[in-house]
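Worksheet: one structure, shown below.
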Amino acid sequence: MSGDLSHSEDQVDCGSRYNDSHKHKDKYKDKEHKHKDHKKDKEREKSKHGNSEHRDPSDKKHRDKEKEKVKHKDGSTDKYKDKHKEKRKEEKMKSLDGKIKKEKENGFASPHVKSEPEDNFYPSPKHEKPLKRKRDDDNDAEFKPKKIKTENDKKAKKRKLDESFFGFLSFENIKPKKTKNKKGEVADGKKKAKKEPEEKWKWWEEERYTDGSKWRFLEHKGPVFAPPYEPLPSNVKFYYDGKHMKLSPEAEEVATFFAKMLDHEYTTKDIFRKNFFKDWKKEMTSEEKSKITDLKKCDFNEMSEYFKAQSEARKAMTKEEKLKIKEQNERTLQEYGFCIMDNHRERIANFRIEPPGLFRGRGDHPKMGMLKRRIRPQDIIVNCSKDSKHPEPPPGSRWKEVRHDNKVTWLVSWTENIQGSIKYIMLNPSSRIKGEKDWQKYETARRLKKCVDRIRNQYREDWKSKEMRIRQRAVALYFIDKLALRAGNEKEEGETADTVGCCSLRVEHIKLHPENEGQEYVVEFDFLGKDSIRYYNKVPVEKRVFKNLQLFMENKEPDDDLFDRLNTSVLNKHLQELMDGLTAKVFRTYNASFTLQQQLKELTNADENIPAKILSYNRANRAVAILCNHQRAPPKTFEKSMQNLQAKIDAKRDQLSDAKRELKSSKADAKVRRDEKSKKAVESKKKAVQRIEEQLMKLEVQATDREENKQIALGTSKLNYLDPRISVAWCKKWGIPVEKIYNKTQREKFAWAIDMADDDYEF
DNA sequence: AGTGCAACTTAGCACCGGCGCG
DNA sequence: CGCGCCGGTGCTAAGTTGCACT
């Protein structure tokens with residue numbers, strides 16, 4: 001059922017997005033911040049999205065149908081979500097009252113200090129138990145080992161242990177040095193010998209920790225901080241109410257954040273402006289505060305112009321200047337961009353601290369425009385091993401804490417002030433620690449493959465259960481499986497944009513059509529999911545599911561939870577019982593990978609040439625992206641670039657007919673002359689025609705590919721959902737260079753798969 | 001059971017640099 | 001040899017999950 005893509009089209013066409021996100025990089029002088037005062041009254045903004053139009057009263061029609069004896073039989077549980085419901089309703093009322101949204105404090109100074117004494121070497125109180133595990137840390141106790149064995153065994157043994165120890169001396173991480181794959185040795189036998197010292201570390205051939213620890217040794221240089229604020233030159237002025245006003249450096253910095261965004265639409269949005277203005281005032285001197293009382297009277301234009309000029313100037317820099325900067329960046333990278341973890345030099349993903357700026361959440365975010373404060377050394381927690389050379393805080397400052405917790409993978413963390421969440425500096429996807437986890441993820445998905453039939457039968461049975469909560473669980477699971485929906489945690493209102501996943505679907509997000517376009521029992525989904533990306537889909541479902549949905553919706557308001565007896569924790573607990581390590585997201589991984597494999601089988605045509613095969617690959621990839629609803633805004637230049645391509649195709653066509661004509665005439669010529677020379681001419685013309693035909697085809701394929709990709713993003717699924725061994729195996733099977741499928745970074749991330757998968761790999 | 005936190009994965013977009021084209 | 005385009009990369013927001021605590 002899940003690999004089925006019958007519903008794909010709708011998704012693609014109808015998908016549309018509501019989010020315009022973006023970022024900012026800036027600086028700002030920090031200040032004291034308020035405490036997170038949660039539980040502030042929150043008011044969710046009336047949903048501005050398309051959803052509202054879907055609150056269709058007709059839903060009520062279904063209410064009286066099929067009253068079930070079952071319903072609420074376990075009266076005990078109405079609670080799960082009631083609380084939220086209440087809130088939402090309350091808020092609705094409030095907003096109806098025309099009240100203005102109450103603001104929340106910006107601050108979040110609250111340290112959440114872990115009072116871990118920095119002295120225990122392997123602290124981490126929480127994970128005491130994993131010690132028993134033989135193989136890997138978390139779940140999947142058995143699988144990992146097994147997998148490893150099955151997958152590796154053969155080759156693993158032979159080249160075990162060759163490197164590792166001083167691997168970090170070799171910079172293995174930088175170059176995706178061709179890893180020899182099984183047969184790979186072929187690749188460059190002799191060269192290999194030379195490059196041997198650069199041989200990449202094959203962590204996947206080594207033992208893993210079995211005690212829950214993530215490393216034994218960890219050394220790094222700490223984070224790179226955002227550059228300090230540089231005040232504007234005095235000729236760049238700020239005007240309030242038409243009059244020049246010199247701002248204090250603190251206030252000025254925050255003003256520049258706004259100035260830099262002037263061109264963006266969201267500086268016109270009420271919430272954004274309100275949040276910004278409020279936080280800005282906190283940075284002002286009392287004098288400034290009393291003068292500047294209306295954002296509308298602020299004129300940031302000179303600042304804005306100044307920054308535009310700056311960026312022009314940057315573009316116009318000479319080669320030498322640019323080179324210098326590049327070199328400096330490279331030095332920074334070499335110094336801060338790597339760490340040493342267990343004898344290997346590994347690349348760090350994000351070693352720069354996020355610069356201050358104005359927060360812009362995605363979608364309709366209640367906190368957009370708030371000030372993201374500058375992070376200082378005293379906000380930073382450093383994690384490294386006790387026996388390593390500890391990173392030095394910048395002169396005159398100190399770290400908030402240095403700890404030595406080898407049960408976690410992060411090197412640096414700090415608490416961010418917008419949501420109060422923790423941010424981390426961690427390793428690159430090419431690192432052992434990320435790679436192992438990634439591998440493990442696919443192994444879990446493969447285990448699901450083995451028992452998915454059983455699970456599906458089970459939830460189909462559960463549709464008939466007498467217990468409401470079981471039915472809900474079963475229907476939700478069906479959606480997660482069939483439609484690859486996300487789990488859908490509940491979220492705190494007023495803290496984030498109003499988005500949902502499976503368990504948090506509300507009545508207003510689906511419509512039931514007993515009959516639609518010739519199909520029976522159609523469910524129409526329309527909601528905003530992660531990142532406020534719209535999910536729109538019409539799916540025919542089984543009658544029993546349909547009836548259940550009618551039941552679930554009975555006597556509910558549009559903004560009531562569809563699955564009121566279910567949440568992600570209940571669901572995952574259940575899944576855990578069905579299979580060790582099973583959680584909702586495993587279904588996404590499983591269905592994505594399974595679909596890729598099956599689509600590749602179906603679409604790849606042995607007779608076609610490489611570009612055509614790659615098109616097939618992309619189509620298979622696309623099927624997955626559609627399943628997972630990975631959309632993107634059509635590139636701004638889409639139309640134009642499509643036209644360009646079309647022009648090229650036309651030109652190529654002309655060229656082809658010219659070439660054909662020439663071929664013809666040279667043939668005629670050869671017939672008359674019958675000499676060697678003219679024969680040769682014919683041959684070369686023939687070749688020319690062939691070459692052009694090939695080029696033309698390539699262009700046409702490219703055009704198709706691009707057109708089909710207009711609103712679909714392939715990257716996310718490729719990077720996060722598709723077992724790379726499937727792709728590698730496909731490449732090997734059809735003699736396609738992996739470079740055509742994976743770029744350099746991707747090859748680094750998937751080095752393990754490239755090395756270990758054979759052409760007969762089966763997901 | 002419910003809540004909140006910590007850790008880690010997944011996500012789309014802006015921007016930039018290198019490359020192919022005229 | 002400059003210019004536009006495109007892919008790759010960096011950035012950081014927004015999810016999921018597990019667990020401790022109450």
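Note: Cβ is positioned from N, Cα and C throughout, glycine not excepted.
All annotation found in TrEMBL is predicted automatically rather than curated by experts.
Per TrEMBL, the listed range annotated as region 'Disordered' is A:656-681 (candidates: A:188-213, A:266-291, A:656-681). Outside the region 'Disordered' (A:656-681) by six or more residues, the chain places 688-689, 692-693, 696 with a CB less than 8 A from a CB of the stretch.
Note on the domain 'DNA topoisomerase I eukaryotic-type' (A:358-735): mean pLDDT across this stretch is 94. Mapped onto DSSP classes, the region 'Disordered' (A:656-681) shows 24 helix, 0 strand, 2 coil. Less than 8 angstroms from the CB of A:TYR721 (active site, O-(3'-phospho-DNA)-tyrosine intermediate) sit A:ARG588, A:THR589, A:ALA592, A:SER593, A:VAL624, A:CYS628, each of them six or more residues away in the same chain. Reduced to three states, the DSSP call for A:TYR721 (active site, O-(3'-phospho-DNA)-tyrosine intermediate) is coil.
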